[in-house]
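In Swiss-Prot this protein carries:
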BINDING   Cys27, Asp28, Val29, Gly30, Gly31, Ser32  ATP binding site
Amino acid sequence: MFDIELVKKINDWKVSEDGALPICIGCDVGGSGLRVRISSFNDSEKYVDLGHAKAKCTKQLVDVLADLEQKIKQVNDKFVCLGAAIAVAGPIKAGTVILTNWQGEPAVRTLTLKDLPQKIFPKDRSVFLNDLEAGAYGVIAAADKDILEQNFVQLFQDKAPKGPVLANGRTAVLAMGSGLGAALVVRTPLLKNPLVLPTELGHVQIAPNMKEHKNFKQERELIQHISNHYYKGELDPEYEDICSGRGLPLAYQFYHQKKTGELLPVEQIDAGEVAKKAMDGEEDAVDALKAHYIFYLRAAKAIATSLSCESCVLSLDNQVKNHPFVMKIMKELEDEFYEFIRPDWMNGLRVYSQKSILNFNILGTDYMAHAIANKPE
């Protein structure tokens with residue numbers, strides 16, 4: 001549960017003439033729990049981040065938010081939430097989502113807007129966002145605040161000219177976490193504000209290289225290993241099957257077995273530990289994390305070219321944690337990204353990697369909460 005001492009900070013904010021305290025709520029739901037930002041409706045620069053609370057099913061999430069609602073009432077019973085947004089993993093249909101980064105039967109991870117406490121998630125003033133949709137709105141918010149560029153480094157500058165992270169036309173925003181997310185940001189003179197299009201393109205099936213490619217044999221064996229685990233060896237895996245927190249342990253299992261003959265139980269392999277071992281130079285882990293990123297760049301290439309993007313943004317916390325490794329293998333990533341059947345399509349396509357921590361999902365949910373709050377009745 002969240003600390004009431006943090007919630008008390010909202011009493012420092014401006015109230016309305018009738019004494020009401022107008023606020024906005026941004027919430028980001030991850031695989032292990034949720035983060036919440038409460039901000040002043042009158043000034044979005046005045047906010048309190050409540051940190052992390054554990055939740056791995058619908059009941060736990062609703063209990064945490066109901067407890068938060070009671071704590072806000074206890075601190076100031078005249079508060080009114082004018083806009084709320086909550087970021088979730090999984091397709092959203094008719095105000096309902098089955099969260100894909102939680103374990104268990106669909107019934108225990110199905111969430112509707114009606115399930116949420118209505119005082120902090122009011123009807124008609126609350127919205128679900130796909131997690132990468134929220135991240136993309138966070139990129140827009142960071143650009144508006146002039147804090148976007150400082151958190152990214154442009155890769156492959158010998159292949160593309162310098163330019164803004166958020167392109168003037170189309171930008172693909174990608175992130176590897178418990179899954180692989182992708183969203184499109186479109187800026188056009190036809191619209192006053194940038195448009196975000198959430199996608200499920202992390203679930204596109206992998207495009208394998210052919211027989212004459214130098215990496216064909218090893219790549220084919222790795223893809224088959226992943227297919228054996230998920231699809232009885234019959235179907236081509238999706239990019240998320242390797243470019244995710246569940247995919248990295250499978251890659252490590254493959255390379256460790258190839259080197260030692262030992263088949264480690266995949267449930268005993270922790271993705272974070274594999275990444276740390278790779279940073280320390282352990283060969284099996286280096287091979288696994290490198291493959292993890294090679295396929296990530298292949299997914300980025302497919303997404304950015306298919307959507308005619310000028311910029312491709314690799315974002316969120318894992319990208320920051322693995323930044324030294326990314327920079328170390330940059331030449332191999334560059335070769336992968338620009339190796340394409342239509343090389344002229346790659347001209348000028350910029351790639352950015354996040355290098356410092358900034359919670360784009362919280363920024364994005366807060367951005368949308370204020371957009372809802374300021375929307376005319």
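Note: Cβ is positioned from N, Cα and C throughout, glycine not excepted.
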Fewest other Cβ within 10 angstroms of its own Cβ, chosen from the binding-site residues Cys27, Val29: Val29
Ser32 (ATP binding site): tally of other CB atoms within 10 A of its CB: 13
Same chain, 6+ residues apart, C-beta under 8 Å of the C-beta of Gly31 (ATP binding site), given in sequence order: Lys56, Ala89, Asn101, Trp102, Gly177, Ser178, Gly245
Residue with minimal Cβ packing [other Cβ atoms within 10 Å] among the binding-site residues Asp28, Gly30: Gly30
